[in-house]
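> Please find one structure pasted underneath; my questions will follow.
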Amino acid sequence: MIYEMMVMKRSANSRAQNNRRSERQRYYPYEPTESPSRPVSSLGNVPTIPPPAASTVDVPHYTSRPGSPTRPWSPNRVGNWARPPAPPSVASSQYERADLNGSPRPGTPSSRYGGSPRRPLPPAPLFSAPGGHDANIPINDAGDDDVFGGGGRTIDPNNRASMQSFMSESTIITDEKDAMSKVDLDDEMEETDEMVDPNIHYGPAPEKQSRRGVREAQMSTKEVQLINGELILECKIPTILHSFLPRRDDREFTHMRYTAVTCDPDDFTQRGYKLRQQIGSTMRETELLICITMYNEDEIGFTRTMHGVMQNITHLCSRSKSRTWGKDGWKKIVVCIIADGRKKVHPRTLNALAALGVYQEGIAKNVVNQKQVNAHVYEYTTQVSLDPDLKFKGAEKGIMPCQVLFCLKEHNKKKLNSHRWFFNAFGRALQPNICILLDVGTKPAPTALYHLWKAFDQNSNVAGAAGEIKAGKGKGMLGLLNPLVASQNFEYKMSNILDKPLESVFGYITVLPGALSAYRFFALQNDAEGNGPLNQYFKGETLHGQDADVFTANMYLAEDRILCWELVAKREERWVLKFVKSAVGETDVPDSIPEFISQRRRWLNGAFFAAVYSIVNAKQLWKTDHSLPRKILLQIEGAYQFMQLIFTYFGLANFYLVFYFIAGSLTDDKIDPFGHHIGKYIFVILRYACILVMCLQFIISMGNRPQGAKKLYLSGIIVYSIIMFYTIFCTMYLVVIEILARTGADTSLEVSDGLFVNIVMSLLSTVGLYFYASFLYLDPWHMFTSSAAYFIMLPSYICTLQVYAFCNTHDVSWGTKGDNVLNMDLGAARVVNGTTVQIEMPSEQLDIDSGYDAALRNLRDRVEVPETPITESQMQEDYYRAVRTYMVSIWMVANVILAMAISEVYGPDAGGTNIYLAIILWSVVVLALIRVIGSTTYAILLVVQKIVEGKTKFDAGNLANMSHVSGSSGGRSSTALKYGGGVSFKDKFAEAKWSAKRVAGKAMFWRK
C-alpha cells in the first residue's frame, strides 16, 4: 500500500513537472494590456521605420526583462537545429525592439510620457517575422547633401562564423548555455536521450564581460569628401532621439556636425575652419558665448551646470519685451563645452553629452591626412536637457533649443589652453558681444546670465563682471555640520558683502572668479602690435624653464587675476570691472582637508604674486584714459591692497603675538579665572604647542602631499582650533571683567585702559562689522550658522594654508601634467587622391619584412643607446625648488625675528603699554572701516540705481498714457489743454527732478 502511494505521488509529480515544462515552452503572442505597474502605451500607432540598407545584418536579440517569452524548445544537437517559423499572429504585430543597434533604448522625455524611464512600447517577441530588424538605423543614406559616399561595406571585426546563429557568443543567453551543458537531476531522463556535448566550441573567448541585449557596433569603411582638406562629417542623430524632438525642420536639429581640427587654436580661423553659425541657414550673430571648462568631473557636476545654463536660456527667451532677447533668443547664444584631454574626461560625462545628441562614439580620428588631430569639435542644437537627477527635460518643461559646441581636446594641456581654444579659436570665429565663463559644478541661478549681460548693456565702460558665488550647503543645509564647509560658507558670504562691493566701487575687482564671470570680447582684444590682455593672459602657457621665473609662474596659477589687471590697465582705454550681486551661482566647496589645502595652495600663491605684480606695475594706470578721480581711487585701492599684502606676509608672526599677549594676560594671578596658577600652565602648554605645530607644518608641507598626510594636517588643524578657542575665551573674559570693574560691580578685577580699548575696538571692527554689513544686505543667516566655525578655523587659514602654499611655490601645476603623447586608438584617416579616406596599415608583406630586418640589424650592430639627458622639465623643477627654498627661508626668518623681538620687548603682562599690539588691533579697525565704507557706498548706489530705473519705467508709462489721451481727444482742445494757460505744476516738478538727477549724475564721478 505504501509502495503504491509512493508510485502514484511520483507519477503525479512527473505529470505536474511536464505540464510546467510545456507551459514554459508554449509561446503566447504579446498583446499590450493595462496593468497597475505599466499602462498601455500612449503612442497608439507605432511609426513605420524604413527598411534597413543592404549593409545591415539581421542579428536576433533577446530581452532580459522579467516576463519576456522564453525559448519554446531546445535542440538536443547543434547540427540539426533550424530556425522555427514565426507564428502568423506575431508577423502582423507591431512592437518596439528592446535595443537600438545593440544599445539599450533610453527613456523618452516627451511630455506624452512624462519623462518616464520605462519604454513606451512593449518589448519585441523572441521570434519575429522577417523585418523585425527594421529598427536598425540605415547605414547607407543616399542623398546629394550627405557627405558620406556610397559603396560602404560592413566590417566584421570578430570574424564570426555566422551572424545568424543563435549559438553565437554575442547573442546566446547565459541561462540557455548553462541549460545545454547541465543535466537536470530532478528529471528522469531516458537512456536513449543524448546530452549536448559540453565542450562544444562557441568561438573565441570574449575580451570583456558581455551584457544581455547589447550588440556591439559594427564598423564600416566609407568614402568621405573632405572640405578644404579637412575631415568634416554630418552625422545623423539616433533615431530614438529624433523621434521625440519637437522641431525637426532644420539640419541643426537632425544632424550632429563633427570637425577634426589639426591646427593650433590661434590658427583656427586662418586655416578656414568654420562653425555652424557661420554657414548656410544657421548663419547668425552671437550675443552670448558661454564657456564651460571641465577636466575629469562626473556627470552629476556637468548636468548641474548644463541644466542651469539651459534654464537661463529659457529665461532669456521669455523676455518678450526685450530688444535683444525674445522667443528666438536662443539663436544668439552658443554654449561651448571644452574638455581638457580625451583620456581624462569622465566616461559618464560623455554618455550625458551623447544623450543630448552632442557626442557620438566611433567617428573621431587621431590623424587626418598625416596631420595630428588636436581637437575634436562636435556641434549640435539640442532640444532636451538632463537635470542633476539624470532625468530628461524637454519642451514640456519650457526647455528651449540650445546651440552646443563640444570641443574634446586630444591632449591634457591645462585650463589656460582650454581658454585659448575658447577666446582665440571659437571667439574669433563667432565674434560674440559677451563671453561668460563657467566651471563644471557651478549651478547658475535661472536669471544669473541675464543679470551679467545686463551689466554690460547698461554701461559701455564695463569690460568684466563678477557674479556672486555661493557655497553649496547640501540637502537640508546638512553640509554646514561640517566645520570645513561652514567656514567656507562664511568666507564666501563676507567676501560678497564686504570685499567685492568695495572693489566694485573703486572700479577694479582683483579677481573675476572663473566659476561665474563675464567679459566684453571687444575689450579683450590685442592691439595692432599684438599687445593686450589676451597676449599677457596666455603667456603663462608658453613659459618654460628659467625663462618662467617663479613669480610669473605662480602668478599665472590665478589666471583670472591677470585678465582683471590687464583690462583695467589697458593703454588708452577706460575699462572698469563690476560686481553684479544679483547674478548668483552655487558651487560645491571642498569638504575634505586634502582637497581644501590643494585648492587654496593655488589660490593663495596666485593671489599673492598677482597682487605683487599689480602693485609693482601700478604706474600703468596713468597711461590709461581713466578720469583723474578714477585714477586716484585706483591708487587708493592699490595702497589698501599693499596693506593687505603686508598682513598676509607677516600673518604667521601676528597670529602668534596676538595669542601671546592676550592669553598671556591671564597668567596674572589677579585676573586668573581658574586660580592656582592654572591660567599660567595652560598658556605655557598652548604656547609650546603652537610653536611645535608651526615647525611641523613646515616639515610636512615641504615633504608630503595633503592626500598622503591627511592625519598630520588634521592634527595640526585641531591644535590650532584649540588655541583659537582659548584665545577667544581670554578676549571675552578680559572685556567682561573690565566692564564689571568700570560699573563698580567688582573693583578687584581690572585691566589697563589701553588694552581694554584696543580689544573692544578690534571686536567691534570684526564681529560688529560683520553683523552690520550682513543686516545691511538683508542676508544675516550665515552669522548664526557659520561664524563660529570660521573663527575657530581662522588660525588654520592663516598658518596651515599659508605655510603649505609658500612651501610649494615650486609646484606651478594645476594638479595635472601636460600630455603630449600621440595616441592611435582612434585610428588614422589617410587621404588618397584627395577624396578617399582609408585606414593606414602595411600594404604588402615586404613592409613587414623591412621592419623586422631593421630590428635584427640593430641587435647585430649593438647600437649604443644614448644617455637620457636632463629634461627641460627636470631643470625647471630644480630651479623652482631652489627658489622655493630661498623664499621659504626668508619668510620664516622674517616672521621668527619679528615674533622674538616683540615678545622680548613686551612681556605677556605689558597690557596697555604694548604699542605693537595696539598697532595690530587698530590696523584691523582701519582696514575694516575701509571695507564698511565701500560696502555701504555700493549698497547706496544699488538703491539709487533701482530708483532711477523705476522712475524711468514710470515716466515711460505716463508718456504712453498721455499720448493715448491726446490722440483720442479733439486736436485743438487737446492742444489748448496741454499748452494753454502756461506751464503746469506737474511739468515744473518733472523738470526739477530731471535737473536734480543730472546734477547727481555729474557728482557720481566714480561711475565714469
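Placed from the backbone N, Cα and C atoms, the Cβ positions cover glycine too.
These came from Swiss-Prot, pasted as-is:
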- 10-19: compositional bias 'Low complexity' (COMPBIAS)
- 34-45: compositional bias 'Polar residues' (COMPBIAS)
- N312: N-linked glycosylation site (CARBOHYD)
- N833: N-linked glycosylation site (CARBOHYD)
- N961: N-linked glycosylation site (CARBOHYD)
- 1-160: region 'Disordered' (REGION)
- 642-662: transmembrane segment (TRANSMEM)
- 682-702: transmembrane segment (TRANSMEM)
- 717-737: transmembrane segment (TRANSMEM)
- 755-775: transmembrane segment (TRANSMEM)
- 787-807: transmembrane segment (TRANSMEM)
- 887-907: transmembrane segment (TRANSMEM)
- 910-930: transmembrane segment (TRANSMEM)
> Considering only the recorded stretches 755-775, 787-807, 910-930, state which has the highest number of Cβ pairs under 8 Å to the transmembrane segment (682-702).
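The stretch with the most close Cβ contacts to the transmembrane segment (682-702) is 787-807.
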> Does N312 (N-linked glycosylation site) have same-chain partners at least 6 apart in sequence with Cβ under 8 Å from its own Cβ, and which are they?
P444, P446, T447, A448, L449, Y450
> Looking at 717-737, 755-775, 787-807, 910-930, which one has the highest count of Cβ pairs under 8 angstroms to the transmembrane segment (642-662)?
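Most contacts with the transmembrane segment (642-662): 910-930.
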> Using a Cβ-Cβ cut-off of under 8 Å, list the residues of the same chain that are 6+ residues beyond the ends of the transmembrane segment (910-930) and lie near it.
502, 640, 643-644, 647, 654, 657-658, 661, 665, 751-759, 761-762, 764-766, 769, 902
> So which residues does the transmembrane segment (787-807) touch in its own chain, when a touch means Cβ under 8 Å and the partner is 6 or more beyond its ends?
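Distant Cβ neighbours of the transmembrane segment (787-807) are 480, 483-484, 486-487, 490-491, 597, 600-601, 604-605, 608, 648, 651-652, 655, 693-694, 697-698, 701-702, 706, 713, 716-717, 720-721, 723-725, 728, 767, 770, 884, 887-888, 891.
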> Which residues, given as numbers and ranges, are at least 6 beyond the ends of the transmembrane segment (717-737) yet have a Cβ under 8 Å from it?
593, 658-659, 662-663, 665-666, 671, 673, 682, 686, 689-690, 693, 746, 749-751, 755-756, 759-760, 763, 791-796, 799-800
